[in-house]
């Protein structure tokens, strides 16, 4: 009987939270329609996706995303340890080591964001909505860093195909370190205005009578926020996506041609300095890494292009708000998955990675 009472009470709390959310959404939609300016007012009170439909979708997808993120964090920590043990003496190892670090933080941000609206947060000193808003800044930063680093890896291997004898002179460990450091500085400088566009405010909650910290979105500098978001996240991800996409097609075509040339040379007894076996294995590995990145980044990139072509398709539009939020959750899940599975590529295709991982496992076992 006690369990039934607790279950009923919990159900009432969930319903109350949903009702509060609907009231907040109705107030937001009303305010947006009243202050729409040049944007046409949508004459319907029914959005494309209702809040209940969004919540059902969120409750189905987010637990899966959280499980993927948990695995991804562990697997990328393993990647970091293995690459560090292998030694950061080559440009490729430094790039993969940096990518594992960026993936770890990127997945961690997605994991935190996945908890929004999943439980009653009224007793917390800061609502999950505001925690998510803070976390999105970290997500955008590390997502862009993943794109930058994947692009570096792609360009390095492209030079390996075009200039096989000069690639080690072009991409030295010092060059890679300087490039990644420069990208970190750029991302901080470009994303900082977005973080300063709004500030924290405190108030006394009427429900708990406790001090609650929240972001005052009414004071949000829209121009500063959107400009910083565009420069620090949208542009880098869009540029890097197409560079990696073109680079991957280039890899596949030229890799096949190089293999055919090597087979012809070996059959005639001649030597070819076109590509070593080690470089060929590394290029195969990079091809798979790039394909994984493309699959993971495609939803976010596609959504950005569609929103650019059709501006009303935004989170601040009352008709599309819940639908776009659901698409963002699905896109983040794709990206988290892509950042979590690199360890399988490294283990299957990287002989040195596999040997180092086995050595670490044996040392731990002993």
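Cβ coordinates are placed from backbone N, Cα and C, and glycine is handled just like the others.
TrEMBL has this to say about the protein:
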type     : residues : note
DOMAIN   : 75-346   : domain 'G-protein coupled receptors family 1 profile'
TRANSMEM : 64-84    : transmembrane segment
TRANSMEM : 96-115   : transmembrane segment
TRANSMEM : 135-155  : transmembrane segment
TRANSMEM : 176-193  : transmembrane segment
TRANSMEM : 233-255  : transmembrane segment
TRANSMEM : 282-306  : transmembrane segment
TRANSMEM : 326-348  : transmembrane segment
Between 0 and 100, where does the mean pLDDT of the domain 'G-protein coupled receptors family 1 profile' (75-346) sit?
84
The transmembrane segment (282-306): which same-chain residues, six or more beyond its ends, come within Cβ distance under 8 Å?
92, 143, 146-147, 150, 153-154, 157, 160-161, 234, 237-238, 241, 244-245, 247-248, 251-252, 255, 275, 313, 324, 327-328, 330-332, 334-339, 341-342, 345-346, 349-350
